[in-house]
Amino acid sequence: MDDSELLVSSEERRIKGNCKCSHGTHGVESKVVDNFRRRLKYFFMNPCEKYRARGRKPWKLMLQILKIAIITVQLVSFGLSNEMMVTFKDENLMTFRHLFLKGYKDQQLRNYALYTKADVYDHIHYIINRYIHLQNLTIGNLAYERADGGVAPLSLCQEFYRNSSIDPENETFDIDPHVEKDCFSIYPLQPLHNNTLLSTHANFSLDFKRLLSVNIYLTLKTINLQTVRHHELPDCYDFHIMIGFDNRAHSGMIKVHVDNAVKIYECRDWNVEGNSGENDNMLLLLFDSGVILACFISLILCTRSVINGVKLQFEFHIFFHTYYNKTVSWSDRMEFVNGWYILIIVSDTLTIAGSALKIGIQTKFLTNYDVCSILLGTATMLVWVGVIRYLGFFKKYNILILTLRAAFPNVIRFCCCAAMIYLGYCFCGWIVLGPYHDKFRTLDKVTECLFSLINGDDMYATFLKMRDKSYLVWLFSRLYLYSYISLFIYMVLSLFIALITDTYETIKHHQSDKLPVSQLQAFMGECSDQPESGRYQSDEEPSSCCLSSCCCFR
């Protein structure tokens, strides 16, 4: 016996113990049932109907409309500020590549590699020399970092195997896989006149047979001045740059890459003539605080509505069990749990967290732009998806919501079955075609490529890249791609669309015939009182007398 049945049994025993029958039981019963039916109908009314029924202003509806406006304004404001920050970071990263990589050209980093020992030494010397003469080279507002009263040095580190003896000619090797690291620092005021000085500096040398990587670390400072034009105070940036020479594959090609970690903080001393940047910043903080307050009130109201719905669901379950001696189905019981309110609760929670994080970013205590973007972006998406609820008050728009809700269980089952076939093709393509095709090189690339093929994207290029491979692999790739495209585009995708279409037709048929589809709707359908009838003015709560009258009559 589950908890709901225990609750019903205890409630019935209490009712029967207090039950006292009278000659007017049938009339009382009819009135109580009508009142409870009317209460259920009022619970499922939309805000406009509730206003006509009891004259209560739809504060919750007005609050949601206000939220849509202020949350969208907040997102746009943060998006513009975030866009300037991301653009500034990307442009500086591109600047560092042009400054420190010899012969670098745009779109070349993926293929930027070195193949001779002289090139490696030459490029390392080039980076150090450019760092030392940075102030005379750059056109940007770049400066060295200060540490311990002086300029922070450039650090050069190499990682290598502890011991290694490799002789490919005799097909022998002896290697100690333990990795050691050796570093030294070079200060900007310490000039390098030629490559020979680098090779003798701190006994610096590279044993390429043991070498795993060479990493050069340097830190530069700058100020993002473009925000002044948008009435925002400029931020100070620390760019922690790492230039890496990767030799882990020992394939004769050393790949070169540039990584950039950014620290953003408020400048120590600033002055903007004729600008009210600080006042604008305070207004933004007040606006974000207002968004948090509005979402907190909405969170409380929607949580209360969900709790009231759960309570009414238990009352209806007890009432139906006592009066009709029937058990309410779970589909009817879940009607009392409003999914739109749950969506609003999730949206409010994300907005509150994102707004708090945004305040931390504006006050320079935090720099988690990505996390803040995810929270605010997801919250805004849910807020706008929630607009569909209000369109659902009109019958012609409501069919979309009903179709999505009715088709969702079948769609999930269908996707689970299709996912098994999809994963099988993913693993097969990865292991067979991965060594020969860039789009199948890693498992995540395989999933992206196959999903693109379902939508008809880049088909010819996928076929074309397999032409120059071995005949056996070429033949397999043709069978693999043709079978996958035929199966998923002509069968799986068509069945998926048919599943949605069938549900749409079923809902449309039910709407035209106006057939009750559940016990709950049939029970409420017996109440013909309109919202304007004035019979919803009282706030009657069904008590034990409601069920006791039914009990005594029976």
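From the backbone N, Cα and C atoms, a Cβ is placed for every residue, glycine too.
Marked as domain 'Mucolipin extracytosolic' by TrEMBL: 85-268.
Per TrEMBL, the feature domain 'Polycystin cation channel PKD1/PKD2' maps to 371-507.
Long-range contacts of the transmembrane segment (282-302) within the same chain: residues 59-60, 63-64, 66-67, 70-71, 73-74, 77, 341, 344-345, 347-349, 351-352, 355-356, 358-359, 362-363, each at least 6 residues beyond the stretch ends and with a Cβ under 8 Å from a Cβ of the stretch. What TrEMBL records for 282-302 (among others) is transmembrane segment.
Per TrEMBL, transmembrane segment is recorded for 340-361 (among others).
Annotated transmembrane segment per TrEMBL: 373-391 (among others), in sequence order.
For 411-433 (among others), the entry in TrEMBL reads transmembrane segment.
Positions annotated as transmembrane segment by TrEMBL: 479-500 (among others). Nonlocal intrachain contacts for the transmembrane segment (479-500), taken as residues 6+ away from its ends with a CB within less than 8 angstroms of a stretch CB, comprise 403, 407, 410-411, 414, 418, 421-422, 425, 428-429, 432-433, 450, 453-454, 456, 459, 462-463.
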For the domain 'Mucolipin extracytosolic' (85-268), would you mind checking the mean pLDDT of the predicted model? 84
